[in-house]
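Beneath this line is the structure, given in structure tokens, with notes to follow.
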Amino acid sequence: MTAILERRESESLWGRFCNWITSTENRLYIGWFGVLMIPTLLTATSVFIIAFIAAPPVDIDGIREPVSGSLLYGNNIISGAIIPTSAAIGLHFYPIWEAASVDEWLYNGGPYELIVLHFLLGVACYMGREWELSFRLGMRPWIAVAYSAPVAAATAVFLIYPIGQGSFSDGMPLGISGTFNFMIVFQAEHNILMHPFHMLGVAGVFGGSLFSAMHGSLVTSSLIRETTENESANEGYRFGQEEETYNIVAAHGYFGRLIFQYAGFNNSRSLHFFLAAWPVVGIWFTALGISTMAFNLNGFNFNQSVVDSQGRVINTWADIINRANLGMEVMHERNAHNFPLDLAAVEAPSING
């Protein structure tokens, strides 16, 4: 008997690296998008933690009045934030080597731009990695499509809005109270509450929460009992089992009698598509709204739109919102200008008619 042995050529280092990167057998899938995602997210996270703890005050408005954002400079978890890059920098690319010194870079808010740009690259690569893993496992690509909604929202507030307004100083601060400040100022300057795309986003988020709670409670209430009364119903499920774990007919019948016959889904696949699509489409619209308001295509203005036969203004809730907007605009960046643009007009807007 003759044995013929074929000597396999040793695989190159690059080939082994490619196989390891794209292997679905790894505990955590890396993928080609992961090659870029890992360093960018690690950089953004590391700089965020360091800056949140120890960054010196930043001259956000470019008027030599620094604003403190870090814990070591008097803030707590609620009030602390990464202060946006100075208005003196505008939209310029501002890496460390563009500043005369690290102190100057910190004073002008360089960490904000570094964190935001690395973060946006990282989350975009995370979305690509979701698609890549789905592709390699033979799955459909809708996980990455759903994740595109928060990616679009983050891109809108951290990149598109600063581009439209002309400065990274108008981007959303990276902190709790900074986020609230951004929301208040955005309302004052763009009347976002009266923008239909924001309304669709609210419907998407609250509606998605409602539908998720309804679906979860219906499924939990119609589980097929596999255990005794003394055991948890959850013990009756085995991972990977072929049998249905709940009675969709019972859930559909309950919901149809609670509201009306055709209110519930009788197809589990279309139901779950709806649960995914509703909030995703809503957040897409919100991101689109932020991106249009970035270029000052603002919410509806119904100020003083109702008058009586004598021409006297009858105030509506739109006028109440307008008054609140003026108050918020007066208070923000109070040292950067003498008057907000709305109040510095030749003819002051009438409030009481």
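Even glycines carry a Cβ here, placed using N, Cα and C.
As the structure is a computational prediction, the values presented were derived from the model and not from experiment.
Pulled from Swiss-Prot:
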- Thr2: N-acetylthreonine (MOD_RES)
- Thr2: phosphothreonine (MOD_RES)
- 29-46: transmembrane segment (TRANSMEM)
- His118: chlorophyll a ChlzD1 binding site (BINDING)
- 118-133: transmembrane segment (TRANSMEM)
- Tyr126: pheophytin a binding site (BINDING)
- 142-156: transmembrane segment (TRANSMEM)
- Tyr161: site 'Tyrosine radical intermediate' (SITE)
- Asp170, Glu189, His332, Glu333, Asp342, Ala344: [CaMn4O5] cluster binding site (BINDING)
- His190: site 'Stabilizes free radical intermediate' (SITE)
- 197-218: transmembrane segment (TRANSMEM)
- His198: chlorophyll a PD1 binding site (BINDING)
- His215, His272: Fe cation binding site (BINDING)
- His215: quinone binding site (BINDING)
- 274-288: transmembrane segment (TRANSMEM)
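Structure with Swiss-Prot features highlighted.
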residue: His118; record: chlorophyll a ChlzD1 binding site; CB count, 10 Å: 20
residue: Tyr126; record: pheophytin a binding site; CB count, 10 Å: 19
residue: Tyr161; record: site 'Tyrosine radical intermediate'; CB count, 10 Å: 22
residue: Asp170; record: [CaMn4O5] cluster binding site; CB count, 10 Å: 23
residue: Glu189; record: [CaMn4O5] cluster binding site; CB count, 10 Å: 20
residue: His198; record: chlorophyll a PD1 binding site; CB count, 10 Å: 22
residue: His215; record: Fe cation binding site; CB count, 10 Å: 17
residue: His272; record: Fe cation binding site; CB count, 10 Å: 12
residue: His332; record: [CaMn4O5] cluster binding site; CB count, 10 Å: 14
residue: Glu333; record: [CaMn4O5] cluster binding site; CB count, 10 Å: 16
### Query
If you draw a 10 Å sphere around the Cβ of His190 (site 'Stabilizes free radical intermediate'), how many other Cβ atoms fall inside it, taking every protein chain shown into account?
22
### Query
Against which stretches of its own chain does the transmembrane segment (118-133) lie, if we need a Cβ under 8 Å and a gap of at least six residues from its ends?
24, 29-34, 36-37, 40-41, 43-44, 47, 139, 141, 143-144, 147-148, 150-151, 154-155, 158-159
### Query
Nearest to His215 (Fe cation binding site) by Cα, among Tyr126, Asp170, Glu189, His332 (binding-site residues)?
Tyr126
### Task
Out of Tyr126, Asp170, His332, Glu333, point to the one nearest His272 (Fe cation binding site) in space (Cα versus Cα); all of them are binding-site residues in the record.
Tyr126
### Query
List, by number or range, the same-chain residues at least 6 past the transmembrane segment (197-218) whose CB is under 8 A from its CB atoms?
251, 254-255, 271, 274-275, 278-283, 285-286, 288-289, 292, 299
### Query
Which residues of the same chain, at least 6 past either end of the transmembrane segment (274-288), have a Cβ under 8 Å from a Cβ in it?
142, 145-146, 148-150, 152-153, 155-156, 197-198, 200-205, 207-208, 211-212, 215, 265
### Query
Should His332 ([CaMn4O5] cluster binding site) be counted as helix, strand, or coil on the basis of DSSP?
coil
